């Protein structure tokens, strides 16, 4: 592991005992204590580059104050424009930020765009209320008022997920501050249930990255290996990539769980990133609070089992980096300048690649996803319904295998980063996933789409496994 990876791990691990300290604290101590810890971590890891996050926060707050009715689009333009400046600093002859600064900036961008959207929703609701002349009560998830500058700073620098996620809305943050009877919210047992696979994933990461180092792919000797060996190598590389993020995101979720952050009654049917989808009145007594069943779906960032064993490329996206996927769906996909599912997905993947960075490998990887989505959707609707139950089960296993190989292939761009290294590797395996996706798309178009009833009856199974294994 690199020194940077050790630093990330230490930050994640110390967040767990800190969470237990803050869990039962009052709103004021939670707000300012969590912000002080987060700011301290930022200053320690980023040093003077912390100024970038401060400038981004102040700029967004100014836009919210100046144009509350359109601040969402303005905040999106401002934060994404600042990302371009932030990543071009070395080209401008300015000091290059640390990797930790980049991590803080990425999560901060998501939080500030979401905050602006929540403020805009509040402004629209207030205007509708004034026009109608009566109040219907606060809609689900609406903010009580526009956050002040200090409140915006406290949300932005809250230590929870400050470098690794999960992303959370300001409404989720407020619910944590104002959580009634936090002592009744379970933490230790949910944390242990969530944390148990992390040591195994960590060992698998160390083993796979040692046996199959990524640097080997950049060496000329690698391309003298036979084709089967080159094809196989992307499998353990992506495996190590997954194990690394599984450990990081599970540890980040455990930090949230320790603090009771993102805990809602199961009846609220919370979604990762978005929070509750059903109104659930707060408990009126400690006994009532203790009788409720809670979950931490709001801050759930990874579903390890379904990431590995779901059938389709589309499902695989849904279970990976789940809170960020919610953000992309809510703020990018829904406002995409196209109506086609594939084109909207391409737009979303383009901005996702930009959010990650300027390395060409990001764009090569992310912009391969829409092709895979189009291919699997077209072939699914044209062919799967023609098969019997046994044939559909076999189809799903083959589909799952190809989905995993597609992600293996695309991950090489994500980890190799450069245009030369990515294209060199893909060329060495004859751009197999691109060729296969184009062939599947062509076959699906040639066969045509099935009838609506047939497509519905031939819907893919959620997983090729016989039963659904959950980690919690």
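Including glycine, each Cβ sits where the backbone N, Cα and C put it.
Bear in mind that the values here come from a model prediction, so they are computed numbers and not experimental data.
For 321, the entry in Swiss-Prot reads N-linked glycosylation site, with the evidence type sequence analysis. Around residue 321 (N-linked glycosylation site), the same-chain residues six or more apart in sequence whose CB sits under 8 Å from its CB are 165, 245, 249, 301, 302, listed in sequence order.
Residues or ranges marked as region 'Disordered' by Swiss-Prot: 450-472.
Taking H, G and I as helix, E and B as strand and the rest as coil, DSSP gives the topological domain 'Cytoplasmic' (1-5) the counts 3 helix, 0 strand, 2 coil. If you look up Swiss-Prot, you'll see 1-5 (among others) marked as topological domain 'Cytoplasmic', on the strength of similarity to another entry.
Per Swiss-Prot, the feature topological domain 'Lumenal' maps to 23-33 (among others). Tertiary neighbourhood of the topological domain 'Lumenal' (23-33): same-chain residues 151, 154, 176-178, 182-183, 185, 187, 258-260, selected by CB-CB distance under 8 Å and a gap of 6+ residues from either end.
Secondary structure by DSSP for the topological domain 'Cytoplasmic' (58-73): 12 helix, 0 strand, 4 coil. Per Swiss-Prot, topological domain 'Cytoplasmic' is recorded for 58-73 (among others).
According to Swiss-Prot, the feature topological domain 'Lumenal' maps to 94-194 (among others), an assignment based on similarity to another entry.
Secondary structure of the topological domain 'Cytoplasmic' (213-231), assigned with DSSP and counted as helix (H, G, I), strand (E, B) and coil, comes to 15 helix, 0 strand, 4 coil. The feature topological domain 'Cytoplasmic' is assigned by Swiss-Prot to 213-231 (among others), with similarity to another entry given as support.
The topological domain 'Lumenal' feature in Swiss-Prot is assigned to 262-426 (among others).
Residues or ranges marked as topological domain 'Cytoplasmic' in Swiss-Prot (evidence: similarity to another entry): 448-472 (among others).
Marked as transmembrane segment by Swiss-Prot on the basis of similarity to another entry: 6-22 (among others).
Marked as transmembrane segment by Swiss-Prot on the basis of similarity to another entry: 34-57 (among others).
Taken from Swiss-Prot, the feature transmembrane segment covers 74-93 (among others), and the record attributes it to similarity to another entry. Residues 52, 55-56, 59-60, 63-64, 67, 102, 105, 108-109, 112-113, 115-117, 331, 351, 354-355, 357-358 of the same chain lie 6 or more positions beyond the ends of the transmembrane segment (74-93) yet place their CB under 8 Å from a CB of it.
Among the features that Swiss-Prot reports, transmembrane segment is placed at 195-212 (among others), with the record citing similarity to another entry.
Taken from Swiss-Prot, the feature transmembrane segment covers 232-261 (among others). Long-range Cβ contacts of the transmembrane segment (232-261) within its own chain (Cβ-Cβ under 8 Å, at least 6 residues beyond either end) map to 5, 8-9, 12-13, 15-20, 22-23, 160-161, 164-166, 168, 172, 176, 179, 182, 185, 187, 190-191, 194-195, 197-198, 201-202, 204-205, 208-209, 211-212, 214, 216-217, 222, 225, 296, 299-302, 304, 307-308, 321, 405, 407-409, 411-412, 414-415, 425, 429.
For 427-447 (among others), the entry in Swiss-Prot reads transmembrane segment.
Sequence-distant contacts of the topological domain 'Cytoplasmic' (1-5), counting only residues of its own chain at least 6 positions beyond either end whose CB sits under 8 Å from a CB of the stretch, comprise 99-100, 206, 244. Counting residues 6+ beyond its ends, the transmembrane segment (427-447) has Cβ neighbours under 8 Å at 223, 227, 230-231, 234, 368, 371-372, 374-383, 402, 405-406, 409-410 in the same chain.
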